[in-house]
Every structure is written in C-alpha cells, then in structure tokens.
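What TrEMBL says about this one:
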- 30-50: transmembrane segment (TRANSMEM)
- 62-79: transmembrane segment (TRANSMEM)
- 85-102: transmembrane segment (TRANSMEM)
- 150-168: transmembrane segment (TRANSMEM)
- 197-222: transmembrane segment (TRANSMEM)
- 228-249: transmembrane segment (TRANSMEM)
- 261-279: transmembrane segment (TRANSMEM)
- 285-304: transmembrane segment (TRANSMEM)
- 316-337: transmembrane segment (TRANSMEM)
- 343-366: transmembrane segment (TRANSMEM)
Amino acid sequence: YLISRNISRYSNIAYYIYFMWEIVDEYKSIFLVSLIPAFSFLGYIIISLPEGHIIDKYDRKKIFIITNILMVFVYLLLLINKSLFFIYAVDFLSSLLMWVISDDFRGITKEIIPENSMVKAQSLDQTSSGLFTLAGTLSGGFFIFLERRYFYLFLIVISVVAVIMILGNHPAKIYSNISISNGFNYTFKIIKSIIPFLLFTMLLNGLFVSLDVFSSALIYIILRAPPIYYTFFIAGFPMGMLIGGIIAMKKFTEKSGLLKLFVFGIGAIFIFIALNRIAILDSVLAVFLGIIIAFLNVYIETLIINSVPNSITGKFNSITTVFSGGSSPVMAVIFGILSEFIFFPYIIIITGLIMMASSFMVNRIFNGFKDRMDGMKIIYPELFRN
C-alpha cells in the first residue's frame with residue numbers, strides 16, 4: 001500500500017511539474033500557472049467531508065483500490081482533448097483522487113501500526129515519499145523535452161502499475177474498526193478545541209504555495225535558465241525530504257524545542273531563494289528546505305496519528321485538511337493576481353518574513369494541541385477504545 005500510494009503520488013507530481021513548465025513556456029502567464037495548484041487543492045476541498053465519512057464507515061483497503069482504478073480513467077481523459085481546459089480538469093480530478101488515496105493511507109496506517117512504532121513509520125513514509133516525489137519531478141522534467149503524447153501514455157501506464165501493486169494485498173489490522181454514531185459531532189468538538197493548531201497549519205500551507213506558483217517563473221523569467229535548472233530546483237525539495245526522512249529516524253527530531261527553529265529556517269530559505277540569482281544555488285536551497293519540511297512532517301504526522309482515535313480518523317483528516325489546505329487554492333490565485341502588480345520575488349520575501357515571525361508561536365501551539373487531546377481522552381473515553 002505504501003508503494004502503491006507513492007506510485008500514485010509519483011504520477012501526480014510528474015503531471016504537476018510538466019504542466020507548470022509547459023504553461024509558463026507557452027502562455028508566459030504566471031496567473032495561468034497559478035491555476036494548476038489552485039485546482040489541485042480545490043479538488044480536495046470539495047471531496048473532503050464526504051471522503052472522511054466514507055473512509056471511517058467502509059473498508060479502507062477497498063476504497064484504496066477503487067480510487068486507484070479511477071485514477072487510470074482520469075488520465076485516459078488526456079487522450080480525448082489537448083486543450084488547457086482538459087489540462088485543468090485532469091489536474092482537478094487526479095489531485096482529488098490523490099488526496100483521497102493519501103487520507104485513506106493514513107487511516108490504514110492507523111489500523112496496522114502500533115503507537116510506539118509510529119515515528120519510524122512516519123520517517124519511512126517521508127523517506128519513500130521523498131524518493132518517489134524526486135522520481136516524479138525528474139520524470140516530469142524529462143518529458144518536457146519529448147512530445148506530449150508520450151507523457152500521456154506514461155501517466156496511464158504508471159497509474160495501472162499502482163493498481164496492480166495492491167490487488168490481493170490485505171495487511172492485518174491491530175485495531176478493531178469501531179463504528180461511532182454521530183462521529184462528525186465528536187470530530188467537531190475535538191477540532192473546536194485545537195483551532196490555534198489548525199490556523200497555524202492553514203497559514204503555513206497558504207504561504208508555502210507561493211513557491212508552487214512562482215518556481216517556474218523564477219527560473220524562466222528571473223534567472224533566464226533552461227528547463228534543466230527548473231527540474232533541478234524542483235527535484236531539490238524531494239531530495240531534501242528523502243534525506244530528512246532518514247535523519248528523522250533519530251530521536252532528536254522529536255524534540256518540540258526544535259520546531260521554532262525549523263519554521264524560522266523555512267522563512268529564511270524563502271528569502272534567500274527570492275534574492276539569489278544563481279540558478280544552481282536555488283537547487284541547493286531547495287534541498288535544505290526539503291530536509292526541514294521532512295522533520296516537520298514526521299513530527300506533525302506522528303502527533304496527529306497517535307492522538308486522534310481510530311474511530312474518527314477519516315473524518316478528522318478530512319475536516320482538518322479543509323482548514324490547513326483550504327487557504328492554498330485561494331492563495332495560489334491571490335499570488336497569481338498579485339504578480340501582475342508586484343515583482344513576484346518581493347512576494348516570496350514577504351512570505352518568508354511572515355513565516356519567520358510565526359515561528360515564535362510554534363511551541364505554544366503544538367504543546368496546546370497535545371494538552372487538549374489528552375483532555376479529550378478523559379472527556380470522551382469511548383472514542384479511544386480500540
């Protein structure tokens with residue numbers, strides 16, 4: 001299931017990278033490029049609530065298989081029409097399905113991984129995600145130099161491979177699948193108590209999308225570098241995640257005191273990327289950015305998966321992602337519009353400064369999350385029974 005999820009992510013990333021460059025090259029419009037991440041996140045916002053209910057109510061492994069099969073049919077749409085509308089439509093649908101696959105995988109992880117092994121499991125997840133994201137990035141960059149029809153066939157074939165990987169594979173549960181009536185009511189009560197945590201993740205995700213919007217323009221317009229440097233820059237991030245996932249297996253990354261440093265470092269790297277005018281140096285900065293993000297992801301994912309009861313995992317993931325990811329499509333469009341009036345490296349600098357300022361709130365927010373979830377175990381013990 002891990003490999004299948006990562007293959008789906010691999011194809012999704014390749015699509016993302018390929019068309020971010022193709023659009024800026026063909027239309028010379030940052031706004032049109034910004035619609036790629038905008039439609040990607042919009043798909044999840046639409047599916048999130050029904051998805052959470054379905055993941056908690058039905059067999060998560062069957063959902064995983066069905067969603068991967070649907071991904072094959074979505075990529076087949078590319079053979080019908082080559083217009084910009086279809087590019088956005090497939091982006092929307094494939095991203096929607098990818099979000100479902102990712103959330104469903106988190107639910108499966110909750111079912112089969114013991115709590116004391118979750119840090120290692122999340123480190124392995126980050127490492128493998130970094131590896132497949134890197135491969136998807138390089139593949140997307142490679143296909144820029146070939147005819148588009150070859151890329152379409154590649155996406156279809158790789159999505160079929162993702163389906164084949166999971167057929168007949170049924171990992172054993174360590175938790176019973178308890179059905180909780182009025183699960184959304186419980187979920188909203190928990191979410192209400194951790195609003196500061198959700199607002200913080202919403203801020204980070206909303207600001208981080210600026211690199212998605214501006215990366216191709218940064219390389220193409222500002223640095224005037226060929227596509228290979230765009231590929232190197234985008235590949236630097238998953239390379240860093242791969243390295244960071246391996247390092248995160250060491251216990252020191254669990255220390256909450258480092259969170260402030262991680263977020264501050266992300267903001268500083270954003271500023272360096274905006275000011276830098278050496279194309280290859282941007283790739284190095286992207287590697288460091290990926291390492292820090294891997295540390296943050298391992299900490300946050302472990303904290304959430306271990307804290308949230310299995311009975312409402314799907315609902316919790318779907319609703320919280322509406323908060324954390326909800327700002328992303330909006331900010332993608334806003335960044336695209338602002339770039340028509342403001343020199344976009346300045347926008348990246350402002351984004352970095354906001355991240356650096358927000359780092360001073362991190363420890364209080366995450367400690368508050370843990371304290372409130374401990375309190376929920378006392379108030380609603382029925383939710384936490386295996």
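Note that Cβ sites are derived from N, Cα and C of the backbone, with glycine treated the same way.
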Is it true that the transmembrane segment (62-79) and the transmembrane segment (150-168) have 3 or more CB pairs under 8 Å, sequence gap of 6 or more?
yes
Any contact between the transmembrane segment (261-279) and the transmembrane segment (85-102)? By contact I mean 3+ C-beta pairs closer than 8 Å, pairs at least 6 apart along the chain.
no
Tertiary contacts of the transmembrane segment (285-304), as residues 6+ beyond its ends and Cβ separation under 8 Å:
106, 118-119, 122-123, 125-127, 130, 201, 233-245, 247-248, 253-254, 256, 258-259, 262-263, 265-266, 269, 272-273, 276, 316, 320, 366, 369-370
